[in-house]
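Colleague: So TrEMBL lists the following for this protein:
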- 98-279: domain 'G-protein coupled receptors family 1 profile' (DOMAIN)
- 12-33: transmembrane segment (TRANSMEM)
- 45-65: transmembrane segment (TRANSMEM)
- 85-107: transmembrane segment (TRANSMEM)
- 128-152: transmembrane segment (TRANSMEM)
- 172-197: transmembrane segment (TRANSMEM)
- 218-240: transmembrane segment (TRANSMEM)
- 264-286: transmembrane segment (TRANSMEM)
Amino acid sequence: MAEQGIIVIKHVLISLMIAVGLISNMVGFVSTYRVPVGFPATRMLIRLQFIWDELGIIVIGLYWISFQINIPLNILESSLFTYVWSSYYVAALPIALSAINMALLAVDRYWAIVWFRTYRRNSKHYRIALVAILLTWTILLTSPIIILGHFMVHEHQIGLAGLNIIRKTCALIGFLFSFLITSLLVCATQVHIFLVVRGKKNGTRIISTSSENSEDDNMTTLSISLIIIVVLFIVTRISYNLGYLLTQFGIIPKVDTIDWKTDIILLIPVNFCSNPLVLLFTTTGYRKWLIGNIKIMAVSFRKLLSRERSNPSH
């Protein structure tokens, strides 16, 4: 009975996160066309953040559905299923895209504020370079998963010892480049930005010169958003990132790896649904736009109710 209750709670939680994530990312994406941002590259990265998080929510939803389906054994043991699905390669794509996009957004803001004299504000080549870095970094981070999936199916090619080496390598790459370095990069750049902004408020000569080049009313609170996002990122993902790393290196006991279904999937959508909420409610321009539209909808709803009440036929 208690186990059944836990299952129901899991369904409710993930359904709620998926619903919130889908709606908030959709609203966030629309807001990027309504709220003026004076930095084209920043606007593009914010828009992409909503897209990747929306994609992540959809993928996690599909994984959760697949957990509830009795998949035939011949499909479970097929190479394609192992390479792409049970290896979590499909889930890794939006996870990597979202994390790398967040890091690029942090670097973009850092460049615009700290190294403002060299910042290419309206450069199309800069925006193309950002997308190229994003895609290349994602491919490099996720490719080891495909390699691991291949050798899990064809273990005879390298033996158990070789497979364990690949597992350790994948775990180390994922922890360092997808989690640790990303988190440290965002934290370091945004903390430095806070120091720079404080120096400006104190009348620092260098920073006061940058006001005409790097300030944007809608971007002044973006660093706060990024700090909150990366803190949530660390809190929700350190358990399974570090846990998987320690497991592969034998520091903690391994969990049975035959069943690919794992409750860790419940933690992943937390970031995909919290990221858009943080951006919408802590970034000045987006918050004003959202609250303004909510007020308009509330007024329209009240008018509709008053019309219904004043109409005797109803």
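Cβ atoms here come from the backbone N, Cα and C positions, even for glycine.
Keep in mind that this is a model prediction, so the values were computed, not measured.
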Colleague: Are the transmembrane segment (85-107) and the transmembrane segment (172-197) close enough to be called in contact, which here means at least 3 C-beta pairs under 8 A that are separated by 6 or more residues?
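Modeller: Per Cβ check, the transmembrane segment (85-107) touches the transmembrane segment (172-197).
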Colleague: Between the transmembrane segment (172-197) and the transmembrane segment (264-286), do 3 or more CB pairs sit under 8 angstroms, pairs being 6 or more residues apart?
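Modeller: Counting Cβ pairs under 8 Å (6 or more apart in sequence), the transmembrane segment (264-286) does not reach the transmembrane segment (172-197), since there are fewer than 3.
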Colleague: State the residues, same chain only, that lie 6 or more residues beyond the ends of the transmembrane segment (45-65) and have a CB under 8 A from a CB inside it; answer 'none' if no residue qualifies.
Modeller: 14, 17-18, 21-22, 25-26, 28-29, 32, 37, 90-91, 93-95, 97-98, 101-102, 104-105, 108, 130, 134, 265, 268-269, 271-273, 275-276, 279
